[in-house]
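Colleague: Residues or ranges marked as ATP binding site in Swiss-Prot: T14, T15, S16, T268, G311, Q315, G412. For T14, R18, T268, G311, G412, N416, the entry in Swiss-Prot reads ADP binding site. Marked as sn-glycerol 3-phosphate binding site by Swiss-Prot on the basis of sequence analysis: T14, R84, E85, Y136, D246. Taken from Swiss-Prot, the feature glycerol binding site covers R84, E85, Y136, D246, Q247. Residues annotated as phosphohistidine in Swiss-Prot, with sequence analysis given as evidence: H232.
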Amino acid sequence: MSQEKYIMAIDQGTTSSRAIIFNKKGEKVSSSQKEFTQIFPQAGWVEHNANEIWNSVQSVIAGAFIESGVKPNQIEAIGITNQRETTVVWDKKTGLPIYNAIVWQSRQTAPLAEQLKSQGYVEKFHEKTGLIIDAYFSATKVRWILDHVEGAQERAEKGELLFGTIDTWLVWKLTDGAAHVTDYSNAARTMLYNIKELKWDDEILEILNIPKAILPEVRSNSEIYGKTAPFHFYGGEVPISGMAGDQQAALFGQLAFEPGMVKNTYGTGSFIIMNTGEEMQLSENNLLTTIGYGINGKVYYALEGSIFIAGSAIQWLRDGLRMVENSPESEKYARDSHNNDEVYVVPAFTGLGAPYWNQNARGSVFGLTRGTSKEDFIKATLQSIAYQVRDIIDTMQVDTQTAIQVLKVDGGAAMNNFLMQFQADILGIDIARAKNLETTALGAAFLAGLSVGYWKDLDELKLLNETGELFEPSMNESRKEQLYKGWKKAVKATQVFAEVDD
């Protein structure tokens, strides 16, 4: 094989780790994937073993090399993208985590989030971080670990512990402890970072009593953070030079560089992000304001709507209810359903995300009759994903006073043609599916490649763009609104059921 150069992207997700090697055309040369254990210590809690995540990353790096025959010295740079908010605290000396990683989905810190709300901090946190106070973000997770591991607070104050989201943990491991860094997009999801002033917020750190010594340095999304320790990369000292949280990486991978462009990634959850340009814009309707990416000395902001359960609702049909053998089968069943659409599934298994932010809500089903079939139930579950996306797109249009013309989509569930057509119908706009669904990994690769000159600039990246399939709306207006009205009723009833008893 010639000494062609490549970029490797490490995509560390919620249920698996992947390594993908890309060539100059942005094409996938090889990939490797490994699932790891989901730990559920109590109802609503979700944890990961951070060492197992690291082992899975080492495994997929090897797998990507083996599959392609590419050698480590042919990798020009590494880009990292990761499940956001998931929190690791580890011992600086030994490199060992002091507790499991608390995952973004986990609700174990919900009481702490409620406490902060009741103390009147909602507005302050929103103005500084762009976020809603919720157990979803890293801040309460860090506080929980420092509270529940004996001696942790004292050790943190002495500078013996380090905190990081998964990007930080992986860079620290790959560089053998030489770099303790994060990037704008991941820092913006901690609820500890002031996205206006671009620094860790001293006042919030004080409120939560989190020592500054444990925090990583915040850097741009495209620069060299460090090099791989040779023994972690088969003898290669390769620059790690691009980093972004998974949803922001997908925004970049979808080449959504212009303000007003919107993408949705249908993964475990579903995340809709709109590029709002260089002006920070706070949502008045419960969307998150976050950092899209920072590159070439400029920071681009974004509005985001987070849906906690999307693809994982299909996994639930497969693993929990055993209604389907595999995820793609859900499309076949949905097409076989009676065409009445009167069943509504509200998959609030871990609460409701944007724009409701109800952490007490739980999953519910409405409209069942004696005639309801398995096919109807599966279809309603798929439709629930599309309804939740509409909740957010409608809110975004109100917040920005922008009419969204097209939604760029990617992620595993975007392969479901039934879901994509229903999404176009219920939104009444075109859905443009990326030809290369690896947009998250591709975004990380683009960020890494730009900083080492593998790709010259954003204009060169735009030339690599190939659109996949376009789904156009075909449902009439009154039917569309009637269906959506039913969904709103179902969500309202779900929230009533979740009300805390006196």
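Every residue, even glycine, has its Cβ placed from backbone N, Cα and C.
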Colleague: Looking at the recorded positions listed here (R84, H232, D246), whose Cα lies nearest to that of G412 (ATP binding site)?
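Modeller: Result: the closest of the recorded positions to G412 (ATP binding site) is D246.
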Colleague: Can you figure out which of T14, T15, Q315 (the binding-site residues) comes closest in space to R84 (sn-glycerol 3-phosphate binding site), comparing Cα atoms?
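Modeller: Closest by Cα distance to R84 (sn-glycerol 3-phosphate binding site) among the binding-site residues T14, T15, Q315: T14.
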Colleague: What is the set of residues, excluding T14, T15, S16, T268, G311, Q315, G412, whose C-beta falls within 8 angstroms of the centroid of the C-beta atoms at the ATP site?
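Modeller: Output for this site, in sequence order: G13, G267, S312.
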Colleague: For T14 (ATP binding site) and E85 (sn-glycerol 3-phosphate binding site), determine the Cα separation and express it in whole Å.
Modeller: 11
Colleague: Which one of the recorded positions (R18, R84, H232) has its C-beta surrounded by the most other C-beta atoms within 10 angstroms?
Modeller: R84
Colleague: I need the nearest neighbour of G311 (ATP binding site) among the binding-site residues R18, E85, D246, using C-alpha distances.
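Modeller: Closest by Cα distance to G311 (ATP binding site) among the binding-site residues R18, E85, D246: D246.
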Colleague: Test of understanding: give the count of other CB atoms lying within 10 angstroms of the CB of T14 (ATP binding site).
Modeller: 22
Colleague: How big is the ADP site in terms of the longest C-alpha to C-alpha distance among T14, R18, T268, G311, G412, N416, in angstrom?
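Modeller: Overall maximum Cα spacing for these binding residues reaches 22 Å.
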